[in-house]
Amino acid sequence: MARVEVQNVQRAFGDHKAVDDVSITFEDGGFYALLGPSGSGKTTLLRMIAGFEFPDSGSIRIDGAAVETVPANKRRIGMVFQNYALFPHMSVAANVAFGLEVSGQKGKDVRRAVSEVLDLVQLGDFGKRRPHQLSGGQRQRVALARAIVTKPRVLLLDEPLSALDKALRTTMQGELKRIQREVGVTTIFVTHDQDEALSIADQIGILKDGRIVQSGAPEEIYDRPNSEFAATFLGDANILDGTVVEGRLRLDNGAVVALPLDSTQTSGRMRCAIRPERVRLAVRNAGGRAEPGATVVWGTVRRRLFSGSFSRYAVDCGGSELQAIAQRGATRDLAIGTEVELSWDRRDLIALS
Amino acid sequence: MAVTGMTRTNGLKKALPLLLPAYGWLTLAIFLPLSAMVYFSLLTTMSSTTPSLTLANYAAFFSDPLYAVLLLRSVKLALLVMMICVVIGFPAAYVLAKIFKGRAREAIFLIVILPFWSNSLVRVFSWSMVLREGGILDVVLNAILPFKVSVDLMYSYPAVVIGLVHSYLPYMVLTCYLSLQAIDDALIDAARSLGASRTTILRRVIAPLALPGVLAGSALIFIPVIGSFMEPRILGGRGGTLYGTVIEDQFTAVYNWPLGAALSFILLAVVLAILLAAAPVLRKAA
Ligand SMILES: Nc1ncnc2c1ncn2[C@@H]1O[C@H](COP(=O)(O)OP(=O)(O)OP(=O)(O)O)[C@@H](O)[C@H]1O
Ligand SMILES: [Mg+2]
């Protein structure tokens, strides 16, 4: 169990900076997700922590000790690979035992540890099988068992669930979370699936073009994204552009709305975001009045996307389109062409830099 | 991948037209000449117009211990050449498959398979220029070393070994390369992250996974080297008398085709026996 500090780490391939001045700290026992689009440097960062790749500059410390020059096999870091990378010529038990045997453990100790960890990943009866006789989810568990049986200081997972189908993925997310809590190892999980990151991790770091755009707790990043990229990459967001005039925000479509609560800006251009589920929809002139402090924008329903328990509306507001999500229990379904008023609490409006 | 019986038979039916030319060619090029050789090996003589059938040619092998001695010598030579090819070829293939990338890999690959492109006779004769006294090796060594050495490897057993290794090394490099290439780099990374040193990875991950390639290469080398005659004759001189050269003599010098054919079949039997004996090991590796 350990704390990992990445400081000003850079790594370039040719003149392309795969990881560009990244600083992030992974606290002891935390479950971190690194999230970012393809090519954003997630794997490269992970491989540098693992020791397969070395930074051009910057430092990586594990429990305070610099490890940049320590080879991968001396770092005591467990890794789960996207394609599992199980040794095809060894049985499941032999795969799991490999790391223990390499570190010099023998016989009974190895067998006990192997059967314990196989029980932990619920594969107690599969020790004798070969990897090719397992399903994708089972291979995934073996890979995890093999990585944690050596009691690594840090567990790294590079898109470990991306090869699984949706249902299995959800199950495995729960499993992973349970096992991580049980073992308590500092875990860094790379994914480009935002839902996965949100549901599984205690902390999320968002990468873009080799840089950390934002990091923090899932709720924090979701509710307070600091950039348009963070707002739209993690979840959906309506982006509103406008000008600050007399303490209010005049949107480019003409509507005037209240400034975000935490905004201190007094003039000039401003870009804000509002989550679709924070936008309330009502039929215009339905009689109900907007709450005081709420902002109202008028528009016309253009499209409706039905998703079972909720509907997603695209509303045309004077040329710009806003998305709104309505729970179907709370609101009547609105027909296309309905004149609506959109409102939101100004606390939910997010100022973007 | 599970293949159901259904698709397998279907596949066979579809593949038949594709396989026919190959089988036709094999019949023509191997089965017919081989049948002719069986017939020859049972003849008393080639010259007589009414030859009679006999087993005397096979008996000759057992009546003169020289044949067995030479055969044993050829087997030892083949084992030696094979092992040298493993020792040189495997690391070369490893570097090629796992360390070099892109352009460098292509360039070195070319160098490795270049011997395939040159006429084997030219190759062997060029070795004679290198190995003889006053040859290239002699001159170069004397230019580098401060003391005088006289290098004359020509017409010796080592010369035969060198020539054969040079001729057959590409097979080993290619088969090893193919099996090493197929090993996912992530396996090596996984082993490293589990704490394995480079030698442990080589021993426990790479070697077992590359074994089929090593064995295939070994078989590809062992079989022709046992019967080789050109390199031994040109580079070996008197030291190059081997089972293969004796067979060749029967066909080209003595014109005793029946004996040559019989000796060939005995060689074939021995090779098959050796492969059969090695089969359990081979099956386990595959
Ligand atoms: N060995 C390499 N040689 C050259 N360029 C590389 C190498 N590894 C990565 N890159 C480049 O570095 C950048 C970051 O790659 P990386 O694999 O870290 O992305 P990623 O975030 O893991 O993407 P993905 O989600 O697709 O896996 C990419 O532009 C990639 O092309
Ligand atoms: Mg990646």
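Quick reminder: no glycine exception, Cβ is built from N, Cα and C everywhere.
Since this is a predicted model, take the numbers as computed values, not measurements.
Going by TrEMBL, these are the annotated features:
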type: TRANSMEM; residues: B:22-43; note: transmembrane segment
type: DOMAIN; residues: B:71-278; note: domain 'ABC transmembrane type-1'
type: TRANSMEM; residues: B:78-96; note: transmembrane segment
type: TRANSMEM; residues: B:108-130; note: transmembrane segment
type: TRANSMEM; residues: B:155-180; note: transmembrane segment
type: TRANSMEM; residues: B:201-226; note: transmembrane segment
type: TRANSMEM; residues: B:259-282; note: transmembrane segment
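Taking every listed stretch (B:22-43, B:78-96, B:108-130, B:259-282) in turn, the largest tally of C-beta pairs under 8 A with the transmembrane segment (B:201-226) is reached by B:78-96. Counting Cβ pairs closer than 8 Å to the transmembrane segment (B:259-282), the top stretch among B:22-43, B:78-96, B:108-130 is B:22-43. Long-range neighbours of the transmembrane segment (B:108-130) within the same chain, counting only residues 6 or more positions beyond its ends whose Cβ lies under 8 Å from a Cβ of the stretch, are 92, 95-96, 100, 136-137, 154, 159, 162-163, 166-167, 169-170, 173-174, 177, 230-231, 234-235.
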